[in-house]
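**Q** Would you mind keeping the following structure in view while I ask a few things?
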Amino acid sequence: MMRILLFLATNMAVMLVLGIILSVTGIAGNSTGGILIMALLFGFAGSLISLFLSKTMALRSVDGEVITQPRNQTERWLIDTVSRQAQKAGIPMPDVAIYHSPDVNAFATGATKSNSLVAVSTGLLNNMTEAEAEAVLAHEISHISNGDMVTMALLQGVLNTFVIFLSRVIATAVASSRNNNGEETRSSGIYFLVSMVLEMLFGVLASIIAMWFSRYREFRADAGSASLVGKEKMIMALQRLQQLHEHQNLEGSLNAFMINGKRSELFMSHPPLEKRIEALRNL
């Protein structure tokens, strides 16, 4: 979940800044073609900037430390396990990091398979058995081997393009009028207000689509973990998370697997644990 939140937050920030620039300067002009070209350029700029900053931002957000030289048995086990799984998945060895947090959490990020990162919290290492942690690591390795971050960036770029394009086409129509001479004029104030409101509304709809795709990716990563270490280990890891959820108040934590059941599934980046376990059992 962390990698998704960071990606979307960065993307939204870039989109907001670029959207204000477009609205204030009127760079795209009034023509549909001009708006479409600018929507493509600015839409993909937000997602690609988010993608290439994802690894650095993720590490900084959790104050993670990349393991360059294992200092203890746990770090050695992590490096050996990730190395073995990466080789089996056919991808280059990613960087491995540990960060201090009581949350049971792990995530993978990075712009390319050759420049990726797998990070694990101390909470996960302290609350899971080696078999369960191995399954979680395999899940993250599967995200990398599936190219999920790149695919997510491309999808977000397309969604951004539609958000920008539709909001500005509608805003242009609403703000445009004809004077007594038959010349078309446009109220910049109305255009700015309408385009910003529509961008926020369409942005919510785009987020629903992005979250649906994220849930689909999680099922694929679970299946990938099952192929790397066996589905029983992955089921055990998810069941462990269920047990922890029952005994700890983890609501609001950035967790790679834990899902807050009070939220609508439409806005979940991960499917409910019950559905994931059921899907694994049906493999």
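Including glycine, each Cβ sits where the backbone N, Cα and C put it.
According to Swiss-Prot, the transmembrane segment annotation covers 4-24, 33-53, 147-167, 190-210, on the basis of sequence analysis. If you look up Swiss-Prot, you'll see His139, His143, Glu218 marked as Zn(2+) binding site. Annotated active site per Swiss-Prot: Glu140, in sequence order, evidence recorded as sequence analysis.
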**Q** Could you tell me what the rest of the chain brings near the transmembrane segment (147-167), counting residues at least six beyond its ends with Cβ under 8 Å?
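**A** Cβ under 8 Å, 6 or more out: 3-4, 7-8, 11, 15, 19, 22, 35-36, 38-40, 42-44, 46-48, 50-51, 54, 108-113, 194-196, 198-199, 202-203, 206, 209-210, 213-214, 217, 220-221.
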**Q** Tell me the Cβ neighbour count for His143 (Zn(2+) binding site), meaning other Cβ atoms within 10 Å of its Cβ, over all protein chains shown.
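**A** There are 25 such Cβ atoms around His143 (Zn(2+) binding site).
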**Q** Count the Cβ atoms, other than its own, that fall within 10 Å of the Cβ of His139 (Zn(2+) binding site), considering every protein chain shown.
**A** 29
**Q** Can you count the other CB atoms that lie within 10 A of the CB of Glu140 (active site)?
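**A** Counting Cβ neighbours of Glu140 (active site) within 10 Å gives 26.
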**Q** Which secondary structure state does DSSP assign to His143 (Zn(2+) binding site), in the simple three-class scheme?
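**A** The three-state answer is helix.
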**Q** I'd like the number of other C-beta atoms within 10 A of the C-beta of Glu218 (Zn(2+) binding site), please.
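**A** I get 26 for this one.
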